[in-house]
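**Student:** Relevant sequence annotations retrieved from Swiss-Prot are reproduced here:
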BINDING   G11, P12, V13, G14, A15, G16, K17, T18  GTP binding site
Amino acid sequence: MANPIKIGIGGPVGAGKTQLIEKVVKRLSKEMSIGVITNDIYTKEDEKILVNSGVLPESRIIGVETGGCPHTAIREDASMNFAAIDELLERHDDIELIFIESGGDNLAATFSPELVDFSIYIIDVAQGEKIPRKGGQGMIKSDFFIINKTDLAPYVGASLEQMAEDTKVFRGKRPFTFTNLKTDEGLDEVIDWIERDTLLKGLS
């Protein structure tokens, strides 16, 4: 496929970006050809995690070492990621969907619209109930927003109801969901959004 759909996955360090990709790819790779690009500052740790998980052959996963601000590599100067896309397509010209995981960054990080067609931004409950209230372009402008690790809410004193209300204030009608990726809670909602809104399944 000459022009695969590209979905960016952004969010702070430890929010669950790599785990989200692992879970989603495990489901979707049964029915379509997928590639993954990971961004890390000085290592290829996330690439190794995905390779070791076995969700895709190693040749379908490329790790990019950004060597600086991870935000720059997905927006102002995305040349390394464009090169990785080209390399993936040289290896597998049938790829229909590419996930591009950003390095862990702040709430302001967004993807260049030239690099990705859609973006998902993920945070986790342990970062605090106030995070959705802070806004941030990553959360506000992403096509889909995820609040992960709902199981931790009682331990950090976070109200999921309040987080939902604050999210609606900043995102309006843009979709979001809660997840506990450890148990796959909420994963169906993420898959449904990808299939319906990015792959346009069920539309005719």
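The backbone N, Cα and C atoms fix where each Cβ goes, and this holds for glycine too.
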**Student:** Around the C-beta of T18 (GTP binding site), how many further C-beta atoms are within 10 angstroms, looking at every protein chain?
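**Tutor:** Result for T18 (GTP binding site): 22 neighbouring Cβ atoms inside 10 Å.
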**Student:** At 10 angstroms around each C-beta, which of the binding-site residues V13, A15 has the fewest other C-beta atoms nearby?
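**Tutor:** Each of the binding-site residues V13, A15 was scored by Cβ atoms within 10 Å; lowest is V13.
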**Student:** Through the lens of DSSP with three states only, how would you label K17 (GTP binding site)?
**Tutor:** helix
**Student:** May I ask which residues of the same chain, at least 6 positions away in sequence, place their Cβ under 8 angstroms from the Cβ of K17 (GTP binding site)?
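**Tutor:** Looking at Cβ-Cβ distances below 8 Å from K17 (GTP binding site), excluding near sequence neighbours, one finds I9, G10, G11, D46, E101, S102, G104, I122.
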**Student:** To test your reading of the GTP site: which residues beyond G11, P12, V13, G14, A15, G16, K17, T18, same chain only, put their Cβ within 8 Å of the Cβ centroid of those residues?
**Tutor:** G104, I122, I123, D124, N148
**Student:** With every protein chain in view, how many other Cβ atoms are within 10 Å of the Cβ of G11 (GTP binding site)?
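**Tutor:** Excluding its own Cβ, the number within 10 Å is 28.
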**Student:** Just going by other Cβ atoms within 10 Å, which of the binding-site residues P12, G14, G16 has the emptiest spot?
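**Tutor:** G14, out of the binding-site residues P12, G14, G16, has the fewest neighbouring Cβ atoms within 10 Å.
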